[in-house]
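These notes concern the structure reproduced below.
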């Protein structure tokens, strides 16, 4: 899945020196706390991304709508990601796990035996977060935006557009998805019911 690829095909990044921090308003390398993880524990909508890697860009162009649920594990420093993709008017469900590096403010995933990383950029004021990856690579760098609401404000859209320009890409590279094309409502409902039943079974066995 394209979102899955974005989340896992990542590189460790240095701190970003903002030329206009008051305008870009992003912080890279901020430690991830329990409060941050509690805030992330929610339903999120993939809004869009600016990606120069041609393979990833092609995958994103196929997506009509994506939303996902994050469930952090504070003990193991991992998070479960349950994704719902609308592609070609069909819903595709996927589940994966990411590692959490609290001090570095990064998320990680093992791919082919190699641990790769992404910087988490929290935009708490806007109810959103960004993931930055491969910023050092002029041909593969990318930035994605995720929010708690699919219909983002003009202010958040502007923040993302400025951030994209700041890391060396053009606004024309941004691909936005259309939340109105969502076909995963029923699949999400079925998945939630299945999870409830799974939780019930152990309790019934102990009764």
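Every residue, even glycine, has its Cβ placed from backbone N, Cα and C.
Cross-referencing 34, 69 with Swiss-Prot, the residue annotated as N-linked glycosylation site turns out to be 34. Of all the recorded positions listed here (34, 91, 94), 34 has the Cα closest to the Cα of residue 76 (N-linked glycosylation site). For the recorded site, residue 76 (N-linked glycosylation site), the DSSP three-state label reads coil. Neighbour counts of Cβ atoms within 10 Å were taken for the glycosylation sites 76, 94, 104; the minimum is at 76. Taking the Cα atom of each, residue 34 (N-linked glycosylation site) and residue 184 (disulfide bond) are about 30 angstrom apart.
If you take the C-beta of residue 184 (disulfide bond) and look for same-chain residues 6 or more apart in sequence within under 8 angstroms, you find 65, 67, 84, 85, 86, 91, 93. Here the CA atom of residue 94 (N-linked glycosylation site) lies 27 Å from the CA atom of residue 104 (N-linked glycosylation site).
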